[in-house]
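As recorded in TrEMBL:
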TRANSMEM  A:16-37  transmembrane segment
TRANSMEM  A:43-61  transmembrane segment
TRANSMEM  A:91-112  transmembrane segment
TRANSMEM  A:119-137  transmembrane segment
TRANSMEM  A:157-177  transmembrane segment
TRANSMEM  A:204-226  transmembrane segment
TRANSMEM  A:238-257  transmembrane segment
TRANSMEM  A:264-283  transmembrane segment
TRANSMEM  A:289-306  transmembrane segment
């Protein structure tokens, strides 16, 4: 391997870390009030739901799939919460997670057993899921007052917000699942070559259903946390366009859309990078229009660097 | 020689079955709606239905070509909105600018999509996702962050393009019809159409056989962008203003109707007629739900989602 090739390769693998460090340096030097604890906490709290969704998305993309329904599942989780909050926050949260699990398993069933392409299979739930959430909520935004439930989104442990702790914990669990379990190896094998995995006798369908179910549950967790932070159930706006944010973070983090590889730390960094970009643009008072165009350029640049050569 | 022939016949049969499946569903839906809802069959309602469908049909036509090459174009919803805003802004300089500007700008963004996808081996999904953001950002930039809605002068000739009628049927319906007929002929009767199928069917073999796959891909994305811009221009002419908030999720509607019409997302197979039927089905469903006045309008998306699901599951079962 020539030096240039090695360098390109290194950049492909570590580009997202370089970008995060560069942006942090830039902000430390040129952004007022950036290096404050308050600011870091705000940024992390905002990024937590995206990270949780992106973790599930990374697993799905690792199987050469994609889950467009995550935003709709968040909306469903949000719509479920007020229905059961009367019976206690634990019941409400459990019900929301069960709905997420069911939605994800259904996606997985369509992909694995029926053999529908992931984009189309999850598109159906994206189209119908939010409508269903709105039907459940009768189109209403419901204010929530249960203090125990609201603590989830606003409380902290030793100064670290609970939602951030949950997101970090889930990232560690997903990393462990991917790198240290049979399930993780099977998942990557299926994404690399589904036919070969089938021929090798791997339980392809079971793993696929499992992966989509995990993605559904994680989306529901994100929906619960975001609802708690909002102190309201808002199925009309909850998780809108979340599928695009999550896919962007995963891809920017170096997990290829072609499957066969899952980079959990890269995904975390992808979420951090996109959040940093947004924060930087906002703190320098750039309008939304410029912010969106710059985000588009970053996505292209990241994918261009990480792309597989022909 | 027998094996390829049998596969071919089986494939053709499936293709016919899929296409007719959607057509049969459409005929049934229309017949039932006609009987159950007296207002459904009224000329006014049918005109409205066709007009609503025509904008989506123009976008979905481009999407059909893209999906047959095995790609996807997520940017069309943003380009649709951008096209409308550009047309409304351009209308102050006359008819030609109002029509040409959205086609050129949206076509250019489509061209960039195509170049990135064909020349750098980046996934269509992610490239067009980026241009979804970019086009929406551009729209916000030229509308004072969405605060400025450009109005089209009511006496402008451009308004006629969206509001003019023949026997009460709006011009956009005829424009969409002509484009779809043209699109169908290009797809099935020209070498470009053959290249579109070849690029999506077996890309590597197509390249080895000398099919200009890269050029074909660049063309279909350019076409898809241009058509989305045109649909936006027509919508702006009809609404007499460049509404900034339209087009969110329109790419998903377009993908849905293409898939319902029997075009496979894996590429290499599909028809324009199927897409038109898909547009008809979705619009009839929405129309019927509107007729049931008591029903929550949120049921529209639920029914659309369930319908999409039923169609793809049926297609899958038929293909077995």
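The backbone N, Cα and C atoms fix where each Cβ goes, glycine too.
No curator has checked TrEMBL annotations; they are predicted automatically.
Proximity of distant same-chain residues to the transmembrane segment (A:157-177), defined by a Cβ-Cβ separation under 8 Å and at least 6 residues beyond the stretch ends, is recorded for 37, 41, 44-45, 47-49, 51-52, 55-56, 58-59, 151, 183-184, 218, 221, 225, 228-229, 264-265, 267-268. Contacts between the transmembrane segment (A:204-226) and the transmembrane segment (A:238-257): present, as 3 or more C-beta pairs lie under 8 angstroms, all at sequence separation of six or more. When the stretches A:43-61, A:91-112, A:119-137, A:264-283, A:289-306 are ranked by Cβ pairs under 8 Å to the transmembrane segment (A:238-257), first place goes to A:43-61. With Cβ pairs under 8 Å as the measure, the transmembrane segment (A:264-283) is packed most heavily against A:43-61, out of A:43-61, A:91-112, A:119-137, A:289-306. Using a cut-off of 8 Å between Cβ atoms, the transmembrane segment (A:119-137) and the transmembrane segment (A:91-112) share at least three residue pairs, counting only pairs 6 or more apart in sequence.
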